[in-house]
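**Student:** Quick one: the structure is below, and I'll ask about it shortly.
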Amino acid sequence: MMKGWDGIQSSSRSSTRTSSTISNRVPSQTVRLGRVQPQAPSYRTIFCNDREANFPVRFKGNSISTTKYNFFTFLPKGLFEQFRRVANLYFLTISILSTTPISPVSPITNVLPLSLVLLVSLIKEAFEDWKRFQNDMSINNNMIDVLQDQKWVSIPWKKLQVGDIIKVKQDGFFPADLIFLASTNVDGVCYIETANLDGETNLKIRKALEKTWDYLTPEKASEFKGEIQCEQPNNSLYTFTGNLLIQKQTLPLSPNQILLRGCSLRNTEYIVGVVIFTGQETKVMMNSMNVPSKRSTLERKLDKLILALFATLFMMCFIGAIGSAIFVNKKYFYLHLDSSEEGSAQFNPGNRFLVFILTMFTLITLYSTIIPISLYVSIEMIKFIQSTQFINKDLGMYHKESNTPALARTSNLNEELGQVEYIFSDKTGTLTRNLMEFFKCSIGAEVYGNGVTEIERGLAERNGMKIEENRSPNAVQERGFNFEDARLMRGAWRNEPNPDACKEFFRCLAICHTVLPEGDEKSPEKIKYQAASPDEAALVIAAKHFGFFFYRRTPTMIYVRESHVEKMGKVQDIPYEILNVLEFN
(Lines of atoms letter the chains of each structure in order from A and count residues from 1; the text may use other names and numbers.)
(Lines give C-alpha, C1' and ligand atoms only; values in the text may rest on other atoms or scores of the structure.)
Protein backbone atom coordinates (compact mmCIF):
# COMPACT_ATOMS: atom_id res chain seq x y z
CA MET A 1 0.00 0.00 0.00
CA MET A 2 2.79 2.45 0.89
CA LYS A 3 4.56 1.71 -2.36
CA GLY A 4 1.44 2.58 -4.33
CA TRP A 5 1.03 5.74 -2.22
CA ASP A 6 4.55 6.91 -3.07
CA GLY A 7 3.81 6.32 -6.75
CA ILE A 8 0.80 8.62 -6.56
CA GLN A 9 2.79 11.35 -4.82
CA SER A 10 5.68 11.33 -7.29
CA SER A 11 3.25 11.31 -10.19
CA SER A 12 1.55 14.41 -8.80
CA ARG A 13 4.88 16.22 -8.40
CA SER A 14 6.03 15.46 -11.92
CA SER A 15 2.69 16.64 -13.32
CA THR A 16 3.03 19.95 -11.48
CA ARG A 17 6.55 20.54 -12.80
CA THR A 18 5.48 19.80 -16.37
CA SER A 19 2.53 22.19 -16.14
CA SER A 20 4.76 25.00 -14.78
CA THR A 21 7.26 24.53 -17.60
CA ILE A 22 4.62 24.77 -20.29
CA SER A 23 2.90 27.86 -18.95
CA ASN A 24 4.00 30.13 -16.10
CA ARG A 25 0.54 31.70 -15.97
CA VAL A 26 -1.02 28.63 -14.37
CA PRO A 27 -0.91 29.10 -10.60
CA SER A 28 0.54 26.26 -8.58
CA GLN A 29 -2.00 24.28 -6.56
CA THR A 30 -1.54 22.15 -3.49
CA VAL A 31 -3.67 19.04 -3.79
CA ARG A 32 -4.43 17.45 -0.43
CA LEU A 33 -5.43 13.81 -0.76
CA GLY A 34 -7.45 12.13 1.94
CA ARG A 35 -5.92 9.84 4.53
CA VAL A 36 -5.32 6.31 3.27
CA GLN A 37 -7.91 4.05 4.91
CA PRO A 38 -6.64 0.69 6.16
CA GLN A 39 -8.10 -2.12 4.08
CA ALA A 40 -9.03 -5.63 5.12
CA PRO A 41 -6.53 -8.26 3.99
CA SER A 42 -7.41 -10.07 0.79
CA TYR A 43 -7.38 -13.42 2.60
CA ARG A 44 -8.09 -14.77 6.06
CA THR A 45 -5.84 -17.02 8.13
CA ILE A 46 -7.53 -19.74 10.17
CA PHE A 47 -5.78 -21.88 12.77
CA CYS A 48 -7.42 -25.29 12.82
CA ASN A 49 -8.47 -26.76 16.15
CA ASP A 50 -7.09 -23.75 18.05
CA ARG A 51 -9.73 -21.35 19.39
CA GLU A 52 -7.21 -19.27 21.36
CA ALA A 53 -5.19 -18.47 18.23
CA ASN A 54 -8.34 -17.45 16.33
CA PHE A 55 -9.75 -15.34 19.19
CA PRO A 56 -7.90 -12.05 18.39
CA VAL A 57 -9.38 -11.99 14.86
CA ARG A 58 -12.95 -11.87 16.22
CA PHE A 59 -14.59 -14.00 13.52
CA LYS A 60 -18.39 -13.75 13.43
CA GLY A 61 -20.48 -16.31 15.29
CA ASN A 62 -22.60 -19.01 13.67
CA SER A 63 -26.00 -17.64 14.69
CA ILE A 64 -28.28 -16.53 11.84
CA SER A 65 -31.37 -14.36 11.61
CA THR A 66 -33.90 -14.20 8.77
CA THR A 67 -36.51 -12.04 10.51
CA LYS A 68 -37.95 -8.93 8.90
CA TYR A 69 -38.04 -6.83 12.07
CA ASN A 70 -36.29 -6.55 15.42
CA PHE A 71 -37.34 -4.97 18.71
CA PHE A 72 -36.31 -1.46 17.67
CA THR A 73 -37.37 -1.46 14.01
CA PHE A 74 -40.75 -3.16 14.35
CA LEU A 75 -42.85 -0.07 15.06
CA PRO A 76 -41.30 2.42 12.59
CA LYS A 77 -40.78 -0.14 9.83
CA GLY A 78 -44.20 -1.73 10.43
CA LEU A 79 -45.97 1.64 10.27
CA PHE A 80 -44.06 2.53 7.10
CA GLU A 81 -45.27 -0.72 5.53
CA GLN A 82 -48.87 0.05 6.51
CA PHE A 83 -48.83 3.61 5.20
CA ARG A 84 -47.50 2.42 1.84
CA ARG A 85 -51.12 1.45 1.26
CA VAL A 86 -53.13 4.23 -0.28
CA ALA A 87 -56.18 3.58 1.92
CA ASN A 88 -54.23 3.86 5.19
CA LEU A 89 -52.53 7.04 4.02
CA TYR A 90 -55.91 8.46 3.02
CA PHE A 91 -57.48 7.70 6.41
CA LEU A 92 -54.47 9.16 8.20
CA THR A 93 -55.11 12.42 6.32
CA ILE A 94 -58.83 12.26 7.17
CA SER A 95 -58.00 11.62 10.85
CA ILE A 96 -55.76 14.71 10.91
CA LEU A 97 -58.49 16.81 9.25
CA SER A 98 -61.08 15.53 11.74
CA THR A 99 -59.11 17.12 14.60
CA THR A 100 -59.49 20.62 13.07
CA PRO A 101 -62.43 23.01 13.76
CA ILE A 102 -63.71 22.61 10.18
CA SER A 103 -64.56 18.93 10.74
CA PRO A 104 -68.26 18.23 11.21
CA VAL A 105 -67.56 14.90 12.98
CA SER A 106 -65.75 13.93 16.15
CA PRO A 107 -62.08 12.88 15.69
CA ILE A 108 -62.79 9.57 17.40
CA THR A 109 -64.97 8.44 14.48
CA ASN A 110 -61.91 8.36 12.17
CA VAL A 111 -58.98 7.86 14.55
CA LEU A 112 -60.43 4.77 16.29
CA PRO A 113 -61.14 2.71 13.13
CA LEU A 114 -57.72 3.58 11.68
CA SER A 115 -56.03 2.59 14.93
CA LEU A 116 -57.86 -0.75 14.97
CA VAL A 117 -56.91 -1.42 11.34
CA LEU A 118 -53.24 -0.66 12.01
CA LEU A 119 -53.29 -2.73 15.22
CA VAL A 120 -54.71 -5.82 13.48
CA SER A 121 -52.23 -5.51 10.59
CA LEU A 122 -49.25 -5.05 12.93
CA ILE A 123 -50.32 -8.03 15.04
CA LYS A 124 -50.42 -10.17 11.91
CA GLU A 125 -46.97 -8.95 10.84
CA ALA A 126 -45.61 -9.60 14.34
CA PHE A 127 -47.05 -13.13 14.39
CA GLU A 128 -45.51 -14.03 11.03
CA ASP A 129 -42.13 -12.56 12.02
CA TRP A 130 -42.32 -14.46 15.33
CA LYS A 131 -42.68 -17.66 13.30
CA ARG A 132 -39.51 -16.74 11.39
CA PHE A 133 -37.74 -16.07 14.69
CA GLN A 134 -38.80 -19.45 16.06
CA ASN A 135 -37.52 -21.14 12.90
CA ASP A 136 -34.18 -19.33 13.29
CA MET A 137 -33.94 -20.43 16.92
CA SER A 138 -34.71 -24.02 15.94
CA ILE A 139 -31.89 -23.97 13.39
CA ASN A 140 -29.43 -22.19 15.67
CA ASN A 141 -30.04 -24.73 18.44
CA ASN A 142 -29.51 -27.83 16.30
CA MET A 143 -26.77 -30.01 17.78
CA ILE A 144 -23.45 -30.84 16.10
CA ASP A 145 -20.44 -32.89 17.24
CA VAL A 146 -17.32 -30.75 17.83
CA LEU A 147 -13.85 -32.02 18.70
CA GLN A 148 -12.92 -31.04 22.26
CA ASP A 149 -10.23 -32.75 24.36
CA GLN A 150 -9.88 -35.72 21.99
CA LYS A 151 -13.60 -36.53 21.99
CA TRP A 152 -16.75 -35.50 20.15
CA VAL A 153 -18.93 -33.13 22.19
CA SER A 154 -22.41 -32.05 21.05
CA ILE A 155 -22.97 -28.28 21.06
CA PRO A 156 -25.60 -26.04 19.38
CA TRP A 157 -24.87 -24.72 15.90
CA LYS A 158 -24.82 -21.14 17.19
CA LYS A 159 -21.79 -21.87 19.40
CA LEU A 160 -19.62 -23.05 16.51
CA GLN A 161 -16.50 -21.01 15.84
CA VAL A 162 -14.17 -20.64 12.87
CA GLY A 163 -11.42 -23.25 13.05
CA ASP A 164 -13.48 -25.88 14.91
CA ILE A 165 -13.21 -29.50 13.75
CA ILE A 166 -16.66 -31.09 13.52
CA LYS A 167 -18.26 -34.39 12.60
CA VAL A 168 -21.37 -34.44 10.36
CA LYS A 169 -23.35 -37.69 10.18
CA GLN A 170 -25.28 -39.16 7.26
CA ASP A 171 -28.37 -37.19 6.21
CA GLY A 172 -27.24 -34.31 8.42
CA PHE A 173 -26.92 -30.72 7.23
CA PHE A 174 -23.65 -28.83 7.30
CA PRO A 175 -23.90 -26.11 10.00
CA ALA A 176 -21.33 -23.83 8.33
CA ASP A 177 -18.97 -23.73 5.36
CA LEU A 178 -16.36 -26.44 5.87
CA ILE A 179 -13.08 -27.71 4.50
CA PHE A 180 -13.54 -31.45 3.93
CA LEU A 181 -10.82 -33.44 5.77
CA ALA A 182 -11.82 -37.09 5.99
CA SER A 183 -14.65 -39.51 5.26
CA THR A 184 -15.66 -43.02 6.24
CA ASN A 185 -15.50 -43.93 2.54
CA VAL A 186 -12.16 -45.56 1.80
CA ASP A 187 -11.24 -43.24 -1.09
CA GLY A 188 -11.85 -40.01 0.85
CA VAL A 189 -15.02 -39.03 -0.99
CA CYS A 190 -18.46 -38.05 0.21
CA TYR A 191 -21.77 -37.39 -1.50
CA ILE A 192 -23.72 -34.21 -0.85
CA GLU A 193 -27.12 -32.95 -1.91
CA THR A 194 -27.26 -29.27 -2.89
CA ALA A 195 -31.05 -28.99 -3.38
CA ASN A 196 -31.27 -26.08 -0.91
CA LEU A 197 -28.71 -24.12 -2.95
CA ASP A 198 -29.48 -24.79 -6.60
CA GLY A 199 -32.53 -27.09 -6.59
CA GLU A 200 -30.52 -30.04 -7.97
CA THR A 201 -31.46 -33.38 -6.41
CA ASN A 202 -28.55 -35.17 -8.08
CA LEU A 203 -25.81 -35.97 -5.59
CA LYS A 204 -22.48 -34.18 -5.95
CA ILE A 205 -19.13 -35.80 -5.16
CA ARG A 206 -16.57 -34.05 -2.93
CA LYS A 207 -13.09 -35.45 -2.34
CA ALA A 208 -10.75 -34.67 0.54
CA LEU A 209 -7.02 -34.10 0.11
CA GLU A 210 -5.16 -37.39 0.43
CA LYS A 211 -2.94 -35.85 3.12
CA THR A 212 -5.95 -35.48 5.48
CA TRP A 213 -7.69 -38.83 4.96
CA ASP A 214 -6.39 -40.21 8.29
CA TYR A 215 -7.95 -37.50 10.51
CA LEU A 216 -11.18 -39.45 11.02
CA THR A 217 -11.15 -40.55 14.68
CA PRO A 218 -11.20 -38.00 17.52
CA GLU A 219 -7.76 -39.13 18.67
CA LYS A 220 -6.25 -38.64 15.23
CA ALA A 221 -8.20 -35.45 14.46
CA SER A 222 -6.94 -33.82 17.67
CA GLU A 223 -3.42 -34.04 16.19
CA PHE A 224 -4.48 -31.92 13.21
CA LYS A 225 -2.92 -28.45 13.69
CA GLY A 226 -2.99 -27.10 10.17
CA GLU A 227 -3.34 -23.50 9.04
CA ILE A 228 -5.77 -22.40 6.32
CA GLN A 229 -5.21 -19.29 4.23
CA CYS A 230 -8.29 -18.65 2.09
CA GLU A 231 -10.36 -15.93 0.44
CA GLN A 232 -12.55 -13.57 2.43
CA PRO A 233 -16.27 -14.47 2.70
CA ASN A 234 -18.15 -13.92 -0.56
CA ASN A 235 -21.36 -15.06 -2.26
CA SER A 236 -19.80 -17.15 -5.06
CA LEU A 237 -21.13 -20.69 -4.63
CA TYR A 238 -18.94 -22.37 -7.23
CA THR A 239 -15.50 -20.83 -6.66
CA PHE A 240 -12.99 -21.05 -3.84
CA THR A 241 -9.30 -20.31 -3.51
CA GLY A 242 -7.09 -21.15 -0.57
CA ASN A 243 -4.18 -23.15 0.77
CA LEU A 244 -3.81 -25.65 3.60
CA LEU A 245 -0.48 -25.42 5.42
CA ILE A 246 0.21 -28.72 7.16
CA GLN A 247 3.45 -30.42 8.17
CA LYS A 248 5.50 -27.73 6.39
CA GLN A 249 3.64 -28.42 3.16
CA THR A 250 1.35 -26.04 1.26
CA LEU A 251 -1.57 -27.86 -0.36
CA PRO A 252 -3.94 -25.98 -2.71
CA LEU A 253 -7.66 -26.08 -1.89
CA SER A 254 -10.39 -26.05 -4.54
CA PRO A 255 -14.22 -26.12 -4.56
CA ASN A 256 -13.89 -29.91 -4.54
CA GLN A 257 -12.93 -29.72 -0.83
CA ILE A 258 -15.67 -27.24 0.19
CA LEU A 259 -18.89 -28.31 1.94
CA LEU A 260 -21.35 -25.42 2.01
CA ARG A 261 -23.94 -24.65 4.64
CA GLY A 262 -27.40 -25.68 3.46
CA CYS A 263 -26.14 -28.88 1.80
CA SER A 264 -26.72 -32.29 3.35
CA LEU A 265 -24.53 -35.40 3.58
CA ARG A 266 -25.70 -38.49 1.71
CA ASN A 267 -24.49 -42.07 1.33
CA THR A 268 -21.63 -41.55 3.79
CA GLU A 269 -21.61 -42.64 7.43
CA TYR A 270 -19.93 -39.41 8.57
CA ILE A 271 -17.32 -36.86 7.55
CA VAL A 272 -14.86 -34.65 9.44
CA GLY A 273 -14.32 -31.03 8.44
CA VAL A 274 -12.92 -27.67 9.55
CA VAL A 275 -15.18 -24.61 9.86
CA ILE A 276 -13.99 -21.69 7.68
CA PHE A 277 -17.07 -19.42 7.32
CA THR A 278 -19.83 -19.08 9.92
CA GLY A 279 -23.29 -17.55 10.27
CA GLN A 280 -24.03 -14.56 8.07
CA GLU A 281 -20.62 -14.96 6.37
CA THR A 282 -21.45 -18.36 4.86
CA LYS A 283 -21.96 -18.36 1.11
CA VAL A 284 -25.63 -19.32 1.29
CA MET A 285 -26.43 -16.53 3.76
CA MET A 286 -24.49 -13.97 1.71
CA ASN A 287 -26.66 -14.95 -1.26
CA SER A 288 -29.86 -14.49 0.73
CA MET A 289 -31.55 -11.10 0.74
CA ASN A 290 -33.35 -9.34 3.54
CA VAL A 291 -37.01 -10.27 3.77
CA PRO A 292 -38.55 -8.08 1.05
CA SER A 293 -41.79 -6.17 1.38
CA LYS A 294 -43.85 -7.93 -1.24
CA ARG A 295 -47.19 -6.65 -2.45
CA SER A 296 -49.57 -8.85 -4.37
CA THR A 297 -51.35 -8.00 -7.61
CA LEU A 298 -54.66 -7.80 -5.73
CA GLU A 299 -53.23 -5.24 -3.30
CA ARG A 300 -51.92 -3.07 -6.13
CA LYS A 301 -55.33 -3.27 -7.85
CA LEU A 302 -57.01 -2.22 -4.61
CA ASP A 303 -54.77 0.84 -4.47
CA LYS A 304 -55.87 1.78 -7.98
CA LEU A 305 -59.56 1.27 -7.09
CA ILE A 306 -59.18 3.40 -3.98
CA LEU A 307 -57.51 6.13 -6.02
CA ALA A 308 -60.48 5.98 -8.42
CA LEU A 309 -62.89 6.23 -5.46
CA PHE A 310 -60.90 9.15 -4.10
CA ALA A 311 -61.11 10.90 -7.48
CA THR A 312 -64.89 10.40 -7.40
CA LEU A 313 -65.03 11.70 -3.82
CA PHE A 314 -62.93 14.73 -4.77
CA MET A 315 -65.27 15.59 -7.64
CA MET A 316 -68.32 15.32 -5.36
CA CYS A 317 -66.70 17.55 -2.77
CA PHE A 318 -65.46 19.99 -5.44
CA ILE A 319 -68.99 20.39 -6.87
CA GLY A 320 -70.46 20.72 -3.38
CA ALA A 321 -67.88 23.35 -2.37
CA ILE A 322 -68.61 25.39 -5.54
CA GLY A 323 -72.33 25.18 -4.83
CA SER A 324 -71.76 26.31 -1.24
CA ALA A 325 -69.67 29.29 -2.36
CA ILE A 326 -72.43 30.29 -4.81
CA PHE A 327 -75.26 29.68 -2.32
CA VAL A 328 -74.02 31.92 0.50
CA ASN A 329 -75.67 35.34 0.31
CA LYS A 330 -76.52 38.15 2.71
CA LYS A 331 -80.22 37.74 1.97
CA TYR A 332 -80.16 34.63 4.14
CA PHE A 333 -79.67 36.84 7.18
CA TYR A 334 -81.65 34.51 9.41
CA LEU A 335 -78.85 31.93 9.11
CA HIS A 336 -76.38 34.38 10.71
CA LEU A 337 -73.73 33.46 8.09
CA ASP A 338 -71.79 36.65 8.64
CA SER A 339 -71.64 36.28 12.44
CA SER A 340 -68.32 35.90 14.19
CA GLU A 341 -69.37 32.69 15.94
CA GLU A 342 -67.14 29.65 15.49
CA GLY A 343 -68.35 27.63 12.52
CA SER A 344 -70.39 30.52 11.08
CA ALA A 345 -67.33 32.38 9.82
CA GLN A 346 -66.79 29.46 7.49
CA PHE A 347 -69.79 30.66 5.43
CA ASN A 348 -69.10 34.41 5.50
CA PRO A 349 -70.51 35.77 2.18
CA GLY A 350 -67.79 38.39 2.17
CA ASN A 351 -65.06 35.83 1.30
CA ARG A 352 -66.46 33.24 -1.09
CA PHE A 353 -63.01 31.73 -1.86
CA LEU A 354 -62.49 30.95 1.83
CA VAL A 355 -65.98 29.44 1.88
CA PHE A 356 -65.01 27.20 -1.06
CA ILE A 357 -61.76 25.99 0.57
CA LEU A 358 -63.23 25.33 4.02
CA THR A 359 -66.32 23.63 2.64
CA MET A 360 -64.10 21.45 0.46
CA PHE A 361 -62.24 20.06 3.49
CA THR A 362 -65.47 19.71 5.47
CA LEU A 363 -67.13 17.65 2.74
CA ILE A 364 -64.04 15.43 2.31
CA THR A 365 -64.20 14.63 6.04
CA LEU A 366 -67.96 14.11 5.90
CA TYR A 367 -67.95 11.82 2.83
CA SER A 368 -64.83 9.84 3.85
CA THR A 369 -66.94 6.74 4.51
CA ILE A 370 -67.30 6.24 0.75
CA ILE A 371 -63.91 4.52 0.95
CA PRO A 372 -64.37 1.47 3.25
CA ILE A 373 -61.70 1.34 5.93
CA SER A 374 -62.64 -2.26 6.81
CA LEU A 375 -61.73 -3.49 3.32
CA TYR A 376 -58.05 -4.10 4.09
CA VAL A 377 -58.80 -5.69 7.46
CA SER A 378 -61.22 -8.14 5.85
CA ILE A 379 -58.66 -9.08 3.21
CA GLU A 380 -55.87 -9.43 5.81
CA MET A 381 -57.97 -11.77 7.97
CA ILE A 382 -59.05 -13.87 4.97
CA LYS A 383 -55.41 -14.24 3.85
CA PHE A 384 -54.28 -15.13 7.37
CA ILE A 385 -56.94 -17.84 7.72
CA GLN A 386 -56.14 -19.15 4.23
CA SER A 387 -52.45 -19.58 5.04
CA THR A 388 -52.79 -21.05 8.54
CA GLN A 389 -55.89 -23.21 8.14
CA PHE A 390 -56.01 -24.15 4.46
CA ILE A 391 -52.51 -24.02 2.91
CA ASN A 392 -50.61 -25.39 5.91
CA LYS A 393 -53.15 -28.21 6.38
CA ASP A 394 -53.71 -29.06 2.71
CA LEU A 395 -53.23 -32.82 2.26
CA GLY A 396 -52.75 -32.31 -1.47
CA MET A 397 -49.56 -30.35 -0.72
CA TYR A 398 -48.24 -32.86 1.84
CA HIS A 399 -45.08 -34.76 0.83
CA LYS A 400 -45.43 -38.23 2.29
CA GLU A 401 -41.89 -39.48 1.58
CA SER A 402 -40.22 -36.76 3.65
CA ASN A 403 -43.16 -36.15 6.04
CA THR A 404 -43.18 -32.48 5.05
CA PRO A 405 -46.39 -30.40 5.03
CA ALA A 406 -46.76 -27.09 3.24
CA LEU A 407 -45.55 -24.09 5.23
CA ALA A 408 -46.68 -20.56 4.36
CA ARG A 409 -44.09 -18.19 5.85
CA THR A 410 -46.14 -15.15 4.87
CA SER A 411 -49.78 -14.63 3.92
CA ASN A 412 -49.20 -11.53 1.78
CA LEU A 413 -49.01 -13.42 -1.52
CA ASN A 414 -51.73 -16.09 -1.22
CA GLU A 415 -53.56 -15.01 -4.35
CA GLU A 416 -50.33 -15.20 -6.38
CA LEU A 417 -50.16 -19.00 -5.94
CA GLY A 418 -50.64 -20.85 -9.22
CA GLN A 419 -50.59 -17.68 -11.30
CA VAL A 420 -47.87 -19.01 -13.61
CA GLU A 421 -47.47 -17.27 -16.96
CA TYR A 422 -44.09 -18.58 -18.13
CA ILE A 423 -41.86 -21.53 -17.29
CA PHE A 424 -38.16 -21.25 -18.06
CA SER A 425 -36.73 -24.75 -17.76
CA ASP A 426 -33.17 -25.82 -18.51
CA LYS A 427 -34.01 -29.52 -18.88
CA THR A 428 -36.81 -32.01 -18.38
CA GLY A 429 -35.42 -33.11 -15.02
CA THR A 430 -36.73 -29.87 -13.55
CA LEU A 431 -40.28 -31.00 -14.32
CA THR A 432 -40.00 -34.78 -13.84
CA ARG A 433 -38.55 -34.78 -10.28
CA ASN A 434 -35.54 -36.78 -11.59
CA LEU A 435 -37.32 -40.12 -11.21
CA MET A 436 -35.69 -42.37 -13.79
CA GLU A 437 -36.76 -45.88 -14.90
CA PHE A 438 -35.08 -48.33 -17.25
CA PHE A 439 -37.84 -48.78 -19.80
CA LYS A 440 -36.40 -49.62 -23.22
CA CYS A 441 -33.00 -50.21 -24.80
CA SER A 442 -31.45 -50.68 -28.24
CA ILE A 443 -28.70 -53.28 -28.76
CA GLY A 444 -27.20 -53.78 -32.22
CA ALA A 445 -30.01 -51.78 -33.87
CA GLU A 446 -32.60 -54.05 -32.21
CA VAL A 447 -35.11 -52.37 -29.87
CA TYR A 448 -36.04 -54.24 -26.70
CA GLY A 449 -38.82 -53.45 -24.25
CA ASN A 450 -42.55 -54.05 -24.64
CA GLY A 451 -43.79 -51.02 -22.76
CA VAL A 452 -45.35 -47.95 -24.32
CA THR A 453 -43.55 -44.69 -23.70
CA GLU A 454 -45.37 -41.47 -22.92
CA ILE A 455 -44.33 -40.09 -26.32
CA GLU A 456 -45.80 -43.12 -28.10
CA ARG A 457 -48.96 -42.88 -26.03
CA GLY A 458 -49.33 -39.18 -26.76
CA LEU A 459 -48.79 -39.76 -30.50
CA ALA A 460 -51.42 -42.51 -30.53
CA GLU A 461 -53.96 -40.33 -28.72
CA ARG A 462 -53.30 -37.53 -31.20
CA ASN A 463 -54.06 -39.94 -34.06
CA GLY A 464 -57.22 -41.18 -32.36
CA MET A 465 -55.80 -44.61 -31.48
CA LYS A 466 -56.22 -46.37 -28.15
CA ILE A 467 -53.32 -48.37 -26.71
CA GLU A 468 -53.85 -51.12 -24.16
CA GLU A 469 -50.93 -52.36 -22.08
CA ASN A 470 -50.92 -55.95 -20.86
CA ARG A 471 -48.18 -56.40 -18.25
CA SER A 472 -47.07 -59.93 -17.47
CA PRO A 473 -47.75 -61.06 -13.88
CA ASN A 474 -44.11 -62.27 -13.73
CA ALA A 475 -42.68 -58.84 -14.62
CA VAL A 476 -39.97 -57.57 -12.26
CA GLN A 477 -41.14 -54.73 -10.02
CA GLU A 478 -38.42 -52.46 -8.58
CA ARG A 479 -37.97 -48.74 -8.27
CA GLY A 480 -35.90 -47.61 -11.25
CA PHE A 481 -36.67 -50.70 -13.38
CA ASN A 482 -39.81 -50.86 -15.51
CA PHE A 483 -38.61 -53.18 -18.27
CA GLU A 484 -40.42 -56.18 -19.72
CA ASP A 485 -39.18 -58.27 -22.64
CA ALA A 486 -38.86 -62.08 -22.53
CA ARG A 487 -36.07 -61.94 -25.15
CA LEU A 488 -33.57 -60.51 -22.63
CA MET A 489 -34.79 -61.52 -19.17
CA ARG A 490 -33.49 -64.53 -17.17
CA GLY A 491 -30.59 -65.25 -19.52
CA ALA A 492 -32.73 -65.46 -22.67
CA TRP A 493 -30.40 -62.92 -24.33
CA ARG A 494 -27.99 -65.81 -25.08
CA ASN A 495 -30.45 -67.00 -27.73
CA GLU A 496 -30.50 -63.65 -29.53
CA PRO A 497 -28.71 -63.22 -32.90
CA ASN A 498 -26.16 -60.90 -31.24
CA PRO A 499 -25.40 -62.41 -27.77
CA ASP A 500 -21.89 -60.91 -27.63
CA ALA A 501 -23.24 -57.41 -28.17
CA CYS A 502 -25.84 -58.00 -25.44
CA LYS A 503 -23.13 -59.25 -23.06
CA GLU A 504 -20.92 -56.21 -23.63
CA PHE A 505 -23.92 -53.89 -23.33
CA PHE A 506 -24.92 -55.32 -19.93
CA ARG A 507 -21.30 -55.38 -18.77
CA CYS A 508 -20.89 -51.69 -19.57
CA LEU A 509 -24.05 -50.90 -17.59
CA ALA A 510 -22.60 -52.77 -14.60
CA ILE A 511 -19.11 -51.23 -14.51
CA CYS A 512 -19.16 -47.75 -16.10
CA HIS A 513 -20.47 -45.62 -13.22
CA THR A 514 -19.62 -44.13 -9.82
CA VAL A 515 -22.36 -45.94 -7.85
CA LEU A 516 -21.73 -47.26 -4.33
CA PRO A 517 -23.46 -50.52 -3.23
CA GLU A 518 -24.77 -50.94 0.32
CA GLY A 519 -26.16 -54.08 1.93
CA ASP A 520 -25.70 -57.85 1.75
CA GLU A 521 -23.39 -58.75 -1.13
CA LYS A 522 -24.88 -62.25 -1.33
CA SER A 523 -28.44 -61.06 -1.88
CA PRO A 524 -29.26 -58.83 -4.89
CA GLU A 525 -32.66 -58.07 -3.35
CA LYS A 526 -31.16 -56.64 -0.14
CA ILE A 527 -28.52 -54.43 -1.71
CA LYS A 528 -29.13 -50.72 -2.31
CA TYR A 529 -27.29 -48.51 -4.74
CA GLN A 530 -26.24 -45.00 -3.73
CA ALA A 531 -25.79 -42.95 -6.89
CA ALA A 532 -24.98 -39.34 -7.70
CA SER A 533 -27.92 -39.32 -10.13
CA PRO A 534 -31.03 -41.49 -10.65
CA ASP A 535 -29.84 -42.20 -14.21
CA GLU A 536 -26.82 -44.12 -12.95
CA ALA A 537 -28.88 -46.02 -10.39
CA ALA A 538 -31.46 -47.06 -13.01
CA LEU A 539 -28.73 -48.40 -15.33
CA VAL A 540 -27.00 -50.42 -12.60
CA ILE A 541 -30.33 -51.85 -11.38
CA ALA A 542 -31.11 -52.87 -14.97
CA ALA A 543 -27.74 -54.64 -15.28
CA LYS A 544 -28.52 -56.53 -12.08
CA HIS A 545 -31.79 -57.87 -13.50
CA PHE A 546 -30.06 -58.87 -16.73
CA GLY A 547 -27.62 -61.05 -14.76
CA PHE A 548 -24.70 -58.65 -14.17
CA PHE A 549 -24.87 -57.93 -10.43
CA PHE A 550 -22.53 -55.15 -9.24
CA TYR A 551 -21.97 -55.80 -5.53
CA ARG A 552 -18.66 -54.28 -4.32
CA ARG A 553 -16.49 -51.26 -5.00
CA THR A 554 -13.02 -50.26 -3.77
CA PRO A 555 -10.90 -47.25 -4.80
CA THR A 556 -9.24 -49.35 -7.54
CA MET A 557 -11.59 -52.27 -8.27
CA ILE A 558 -15.21 -53.05 -9.21
CA TYR A 559 -16.68 -56.52 -8.57
CA VAL A 560 -19.51 -57.91 -10.70
CA ARG A 561 -21.32 -61.24 -10.32
CA GLU A 562 -22.09 -62.35 -13.87
CA SER A 563 -24.72 -65.01 -14.66
CA HIS A 564 -25.41 -67.04 -17.83
CA VAL A 565 -22.29 -65.70 -19.62
CA GLU A 566 -20.50 -68.94 -20.51
CA LYS A 567 -23.52 -71.19 -20.13
CA MET A 568 -27.03 -70.97 -18.69
CA GLY A 569 -27.11 -71.12 -14.90
CA LYS A 570 -23.38 -70.54 -14.33
CA VAL A 571 -22.47 -67.68 -11.95
CA GLN A 572 -18.99 -66.22 -11.55
CA ASP A 573 -17.51 -63.24 -9.70
CA ILE A 574 -15.25 -61.09 -11.89
CA PRO A 575 -13.14 -58.14 -10.67
CA TYR A 576 -12.54 -55.15 -12.96
CA GLU A 577 -9.70 -52.70 -12.39
CA ILE A 578 -10.59 -49.00 -12.52
CA LEU A 579 -8.07 -47.28 -14.77
CA ASN A 580 -9.66 -43.83 -14.84
CA VAL A 581 -12.93 -42.09 -14.03
CA LEU A 582 -14.24 -39.53 -16.50
CA GLU A 583 -15.97 -37.10 -14.15
CA PHE A 584 -19.27 -35.62 -15.27
CA ASN A 585 -19.07 -31.87 -15.79
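Note: Cβ is positioned from N, Cα and C throughout, glycine not excepted.
No curator has checked TrEMBL annotations; they are predicted automatically.
Worth saying up front: this structure is predicted, and the values here are computed from it rather than measured.
What TrEMBL shows for this protein is this:
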{"type": "ACT_SITE", "residues": "ASP426", "note": "active site, 4-aspartylphosphate intermediate"}
{"type": "BINDING", "residues": "ASP426, LYS427, THR428, GLU536, PHE584", "note": "ATP binding site"}
{"type": "BINDING", "residues": "ASP426, THR428", "note": "Mg(2+) binding site"}
{"type": "COMPBIAS", "residues": "10-25", "note": "compositional bias 'Low complexity'"}
{"type": "DOMAIN", "residues": "142-203", "note": "domain 'P-type ATPase A'"}
{"type": "REGION", "residues": "1-34", "note": "region 'Disordered'"}
{"type": "TRANSMEM", "residues": "305-328", "note": "transmembrane segment"}
{"type": "TRANSMEM", "residues": "353-377", "note": "transmembrane segment"}
**Student:** Non-local Cβ contacts of GLU536 (ATP binding site) (under 8 Å, 6 or more apart, same chain)?
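**Tutor:** GLU536 (ATP binding site) has long-range Cβ partners HIS513, THR514, VAL515.
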**Student:** Could you tell me what the rest of the chain brings near the transmembrane segment (305-328), counting residues at least six beyond its ends with Cβ under 8 Å?
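**Tutor:** Long-range Cβ neighbours of the transmembrane segment (305-328): 86-87, 90, 337, 347-349, 352-353, 355-357, 359-360, 363-364, 367-368, 370-371.
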**Student:** Could you give the mean pLDDT over the domain 'P-type ATPase A' (142-203), rounded to a whole number?
**Tutor:** 89
**Student:** What are the DSSP helix/strand/coil residue counts across the domain 'P-type ATPase A' (142-203)?
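**Tutor:** Secondary-structure breakdown of the domain 'P-type ATPase A' (142-203): 7 helix, 31 strand, 24 coil.
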